[in-house]
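Enquirer: Sharing the feature lines straight out of Swiss-Prot:
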type     : residues : note
SIGNAL   : 1-22     : signal peptide
DOMAIN   : 25-108   : domain 'Ig-like C2-type 1'
DISULFID : 46-95    : disulfide bond
DOMAIN   : 109-199  : domain 'Ig-like C2-type 2'
DISULFID : 137-188  : disulfide bond
DOMAIN   : 251-365  : domain 'Ig-like C2-type 3'
DISULFID : 276-354  : disulfide bond
DOMAIN   : 368-463  : domain 'Ig-like C2-type 4'
DISULFID : 399-447  : disulfide bond
DOMAIN   : 468-558  : domain 'Ig-like C2-type 5'
DISULFID : 490-542  : disulfide bond
TRANSMEM : 582-602  : transmembrane segment
REGION   : 617-679  : region 'Disordered'
COMPBIAS : 655-673  : compositional bias 'Polar residues'
MOD_RES  : 678      : phosphoserine
DOMAIN   : 692-1028 : domain 'Protein kinase'
REGION   : 718-760  : region 'Disordered'
COMPBIAS : 720-731  : compositional bias 'Basic and acidic residues'
């Protein structure tokens, strides 16, 4: 009872003191609410503006006076808490300033402290029946207001998202109508600023019916080619389901001769192979037998061994594993069972085991082998320079390194092996800690990380700064009489020396925009106003600032007018003058209102007439009715990310918009027309989501997931090939702009284009008309679907619009088509053309024998010949030339972003699977994932993308083609080394060995540092055409 009374008394005392001292002083710095991770330091600042009296500061925690110790202590007026604890330090903090001379007190508003922590997570079953499975992720932890707790669900190792019968609702997972496809172990992860934890024990769900299907067939009856069209009989035992424990053992002559070695130690980046030699009897060669490799108990790779059994790519065990992902590094050889790695990474470490399973029998497993990876020595992340506040109690600079064995981290100053300055130490984790920061701590500090692999270093610059403070703040309000003199003081201290800027009513004041005879700006920051006028009255602000921050104080100036100022008008008694002034003012105001109303009505009439004219033209062009403006407006409101046209390259392409631009409309009408045109464009691209089917996720891109699916053929419009028109316009523009040049130059350019066009027609194996007939006869079109998951990310939305405008503006057989846009609900889908053979990089790896594509009785496809490689390069150059003529840039040209069909037609596309499948080919630079090994130096240094930077990337693409995409450019260098050498201009390029001699010079010119010296795509196309003709001869 006594403790409660004391707590209530403390809160009442704090609230009363907030109004005691308001007239004599106020706070210059108030304590701010904070959220920190547990065991981190906290600092509450508190400072009063009363610099003329002696003040004493106290702190209250939840209404109680704080008992200070080594962990919680007060320095000056500020409160410092070392290693914040959630059990003791959470709550509200109030600063109390006491004037020792008068005894007056003032209390600051309470500041809240929240401690972020994360201990454990567990899966709880809330309900389970035939219609619904309901799970909850219970988390022991807390998050701040700015960063809520993030929950992710996994089935086995597969990350779940809201899809079909799966719904994610905050901490709960709801599966409606669960079936056999939903069997597995469900686990959840929780993450916040304190870290990430996964539930130790998950929930294993198993549907009620579980048995192995068996196919009944007569003797000497051949297996049908399609397994999915057979009828399976599933019989379970009475009283329970049949499981693997009821299966018989495999025949003894089916066995594994040699499994993986007991323990293998491999360096990161080196190749290796795991052995699994097996014996397969002749009488079992026609049976369905699977060879599987497991990592840490989870299925990694599998292949069918039976000679006549079809290769379905699916396992006939009940488990679902997320480790069955596409990875070009891993190859499972069917002949000898060997699992080979092209290059080892740190995540490959684990326990490996191979298995043989005959259908309907227990699997045969080898002895497990352990693969250990010697991780490369590197910084994670790279240490960065930092500004430290002078007199700060504790400041930290982190330096974390990874490698095998664990590296030792140490710090040196100014590149010397001398000891660190006083009050500077290094903790066990390699963090550099500064205590009681002073000016002697300035300098360059180098972090050294070393182990048996060697030593790496990183240098950071430490600068000590002082936050600007008011030594003499402006005090107000100030009252003065007209024609008087006012002096407003404003002096500041800080390091670097702060600058002082005055403003009046939020408008900056300087000697250039004020009366120099009346306004004087003194060197110490004081503002003096002589001969004060009535218009000088207002709010004056003084802002001080340096590299450590900004501060501001306001003061109100009140100008009192003398009684003589209004005496002549009042004593004159001439009311007619006043009446006349009022009448004139009202007449002018009324005329202005009438003018504005008239203009509004006139603009409205013009807009309606123009709208009717545009609708008539749109109806004639489309051959049918178009959605009205109201519908377009509604669509724009549903998608704020696509409500405006942001690409400056898009032009008016219709006759109606061209006529509208030539009209004498006002600026307001032009903006309205542009907005309606943008909405009309996106409405034309609209596709119903119901038209998509069989969506399969193949990876993740920069703004969301990427799928491959099918689109109804009825929703696919016939393509409009603008290649000929674009070439004609380009030729005319070159002739018009090149009037000052020689006629021979123009003639040679036209000849090159004719040769380029003729060569392209020669290598086309399928006519365009035949392709159109094939598309019309097909019931479904294979498409690539890019989802916009990050709707609130402005950068992701901008990139989504850029790609949308790029593919919408181009209609060329060398560039994939944009079929439409699904905007009915989130996430929005961009639907692009896709091919039956997929991306070009996987095709090159398959022809090089790096991807196992062989089926029973067939062999891997042969490598590409030189003429075929030149044909692929020529088609890519034609597609990129179309992008250049449309005044766009690609920014991510590579073989992974091109597609190829079974008719050997190559198109430029934009899958950009930078998050998982091709994550090794991207590097995070300036908080953006970039393909640094394909980028020109100006893109990395200045973030400047032009057609010349696409030509630089095209040279790398040709290098990939002649190397069959079996290795990365400059794979001997790390990503950081590539960035450093590219910025320094020391990254050297060389063409592939198989490159024809006639192309070496022009390909090397693609990589020159000066963009103006690089060739154009038309010149590259002409050179490739000549090379193809010479190879054919």
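Even glycines carry a Cβ here, placed using N, Cα and C.
What you see is a predicted model, and the numbers here were worked out from it, not measured in a lab.
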Enquirer: Measure from the Cα of residue 399 (disulfide bond) to the Cα of every one of the disulfide-bonded residues 46, 95, 137, 354, 490, then give the nearest.
Expert: 46
Enquirer: Output the one of 188, 354, 399, 447, 542 that, of all these disulfide-bonded residues, has the highest number of other Cβ atoms within 10 Å of its Cβ.
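Expert: Counting Cβ neighbours within 10 Å, the top one is 354.
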Enquirer: Counting distance between Cα atoms, which of the disulfide-bonded residues 354, 447, 542 is nearest residue 46 (disulfide bond)?
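Expert: Going through 354, 447, 542 one by one, the closest to residue 46 (disulfide bond) is 542.
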Enquirer: Tell me, how many other CB atoms lie within 10 A of the CB of residue 46 (disulfide bond), whichever protein chain they belong to?
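Expert: Excluding its own Cβ, residue 46 (disulfide bond) sees 24 Cβ atoms within 10 Å.
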Enquirer: Need the DSSP three-state call for residue 490 (disulfide bond) to compare against my parser.
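Expert: Where residue 490 (disulfide bond) sits, the three-state DSSP reduction gives coil.
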Enquirer: In whole Å, how far is residue 95 (disulfide bond) from residue 276 (disulfide bond) when you measure between their Cα atoms?
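Expert: On Cα coordinates alone, these residues lie 71 Å apart.
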Enquirer: Taking the Cα atoms as reference points, how far is residue 490 (disulfide bond) from residue 188 (disulfide bond) in Å?
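Expert: Distance between the two Cα atoms comes out at 57 Å.
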Enquirer: Where, among 25-108, 109-199, 251-365, do we find the most CB pairs under 8 A to the domain 'Ig-like C2-type 5' (468-558)?
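Expert: That would be 25-108.
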Enquirer: Going by C-alpha positions, which of the disulfide-bonded residues (95, 354, 447, 542) is nearest residue 137 (disulfide bond)?
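Expert: Out of the listed candidates, the nearest Cα belongs to 354.
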Enquirer: Fewest neighbouring Cβ atoms within 10 Å: which of the disulfide-bonded residues 95, 137, 276, 490?
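Expert: 137, out of the disulfide-bonded residues 95, 137, 276, 490, has the fewest neighbouring Cβ atoms within 10 Å.
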Enquirer: Do me a favour and check the Cα-Cα span between residue 542 (disulfide bond) and residue 188 (disulfide bond); whole Å is fine.
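Expert: Their Cα atoms are separated by 53 Å.
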Enquirer: Measuring CA to CA, name the entry from the disulfide-bonded residues 95, 188, 354 that ends up nearest residue 447 (disulfide bond).
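Expert: When the Cα distances are compared, 188 comes out closest.
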Enquirer: Indicate whether residue 46 (disulfide bond) is helix, strand or coil by DSSP.
Expert: coil
Enquirer: If you measure residue 95 (disulfide bond) to residue 354 (disulfide bond) at Cα, how many Å is it?
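Expert: Their Cα atoms are separated by 67 Å.
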Enquirer: Three-state secondary structure of residue 276 (disulfide bond) from DSSP?
Expert: coil
